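For reference, the structure discussed in these notes is given below.
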Amino acid sequence: GTGADNDLYINQAVVFIEDAIQYRSINHRVDFNSLWLYRWYYSRIWQWILSLTITIILALAFIEKPSSLTVTSDVRYRHPAWNPPCGLTESIELLCFLVFVVDVSVKSYLIGWEEFWKNKWLMAYILTLIVSLTDWIVSLSFFCAEDVRIRRILRPFFLLQNSSMMKKTLKSINSTLPEMASVVLLLAVHLSLFTMFAMLLFARTKDGQQDKEWLSYFRNLPDSLTTLLVLLTTANNPDVMIPAYSKNRAYSIFFILFTVLGNLFLMNLLTAIIYNQFRGYLLKSVQSSLFRRRLGIRAAFEVLSSLKEAPGNAQQSYVSTGALLQVLQKVEMDSRCKQAIMRSLKTYSCDQLSAAQFQKLFEELDKDAIKQHPPSPEYQSHFMQKMQFAFGHPYFGYLGNVVALANIISICVVLVMDADKQPSERDDFFLGAINCFFILYYLLEMLLKILALGLKRYLSYPSNRFDGLLTVILLALEIATFAVYGFPHPGWRPEFMGLLSLWDMVRLVNMLIVFRFLRIIPNMKFMSLVVTTLLDLVKNLRAFAGILVVVFYAFAITGIMLFKGAVLEFLGGVFILFPTSFYIKKVTVVLYFQKKYDFMALFGHFQAEVSCCLFYLLSVNLICRWAKIYFVAWWLISSVIWVNLFVALLLENFIHKWDRRCHREPVSDIEYQRTVELMFRDVLEEPTEEELMEKLHQHPHLQLCR
């Protein structure tokens, strides 16, 4: 009936607008039941369940054998870790797989069979589940005693496929690979040529005393390549040069030329290429997101114009404002945007909207998120007005910064004076007294600002929330110190009481005071610009962080499979490694660890690998000769590719912020929040009506009236 058709059109318009808000594709089923299932699938509850499931299956690596449940990673001191019994983590895995099966089934049904064969991500999703379930069955058949678990390496895929921005970023990376390959090939040529020069230059001589360079670094081709590869990252500079330099100063020319050509030219050229190519592809990706948004809004207009009561003629379609209001009541969107659209809708004199007017209404979605601070309280008393003017003035904040600087200087003076004193000789009276004075000032400053600005306006500024929170914590710590150890006095060195000693309490207070000094950042324009760039980058960096998690996780699991259980003995500062992996046979390596933290840089379990070993290797510290391929691959992906992509996004964000700073003066009571899409808003091209209608007519499940 007519009423049922109208309800269907309304629901279709609601879903299309929600697709436009989230930059989703509209190529999905649009019948009544499918729309209900579609909205349920993208509801907060199901997306929360899916995110929780992904988190759980990734976190299993911390408790699976070999477990990370130890206090220390140092193999000399740690106790045997608890390992879960067979079937515990496997049961949790099975539940996660069932959730993923539901997820892929619903997603495949909603897009339809025709679209399914075009979607490579969904086919990869199904293949990953099949392989994982097969490996899970094999694992149980071996009673969890197998060394190789393929499904553990595949787990990061579930995180990857669940994020559209992560997929776009991965496509961006893939598009930059051909250009990066040319520079990497040039780097390989550079490395090979200098390796040949080095082997000829530092060849073995008759005088064994003069062969330190050959013996330590250039004994054979693999060692020479490794030495110069590490030198390319400056991790072994200047150690690699010292033996030759001690023999003859002229040898330094070789190392200087290699470093200048490799580091200053080729590596920076790689950064420039990645920035240029990635920015171009990211711009295309954002352009396609804009097209999806405009297509979703136009699809909503077309279905609403099909309503029986919708006014229209043969030449042009219209949508009634009543139908749009009905849709807006059902749409899940930001209240700011919804209110802005409704306000704009009231300005129209007629109750009919053309396609252009309809599209213009939803341009609110593209605007900066604006946060306006609440007004200050209005005092009637003349004295209170003067107080409000004095303590709400920027100069009062500057005075607070000067006081905070004085506090930092006083702490530095005391630390320098007490640096060489034994704990029994140290007098904490002076430091405790100045801390008490400054904390009372901070409390008074906070209360006076609240009086001048009002509580709501005071809390609306992030810097005030940061300042106020630290002031409250400092006050609580100071009260706790006085309650346990009494008030400061000369010779104030009481015995240990409670959870922390007096010195620990004082140190904790001083660390918070130093941290509080960051309050000066908003008052320094250029520093504030840099910090806001970094904060915006963190907000928009979820896709990059997600890909880094995927890479870390895959390499960590691979490292455990290859090197798990390799450390059998520790004798006299020497680790003896024996092969235990399926992939490494008949290899015995002796490692001499010269740094204390190298005892933790082992592949015994997942937490040690992620938190220590891979971060340690991110700055390039090759460990074993037979593991070079693994570590060089990690260095190329993390330090060369990912770090340069991070630099590209950082540059783009900073340049955008700088341009806006030069063209628009900041408004004191308004804060602008921008996303990656809004960064490129000024250079994006609006799709034409012909492009939108052509795409709508290609929709596999939507039949338009015109």
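Placement of Cβ uses the backbone N, Cα and C atoms for every residue, glycine included.
Caution: TrEMBL annotation is automatic and unverified by curators.
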Range among 8-26, 84-102 that TrEMBL annotates as transmembrane segment: 84-102
Sequence-remote partners of the transmembrane segment (250-275) [C-beta within less than 8 Å, at least six residues beyond its ends]: 176, 179-180, 183-184, 186-187, 190-191, 194, 197-198, 201, 213, 228, 231-232, 234, 237-238, 240-241, 244, 640-641, 644-645, 647-648, 651-652
Top Cβ-contact partner of the transmembrane segment (543-564) among 45-63, 84-102, 180-203, 395-417, 429-448 (pairs under 8 Å): 45-63
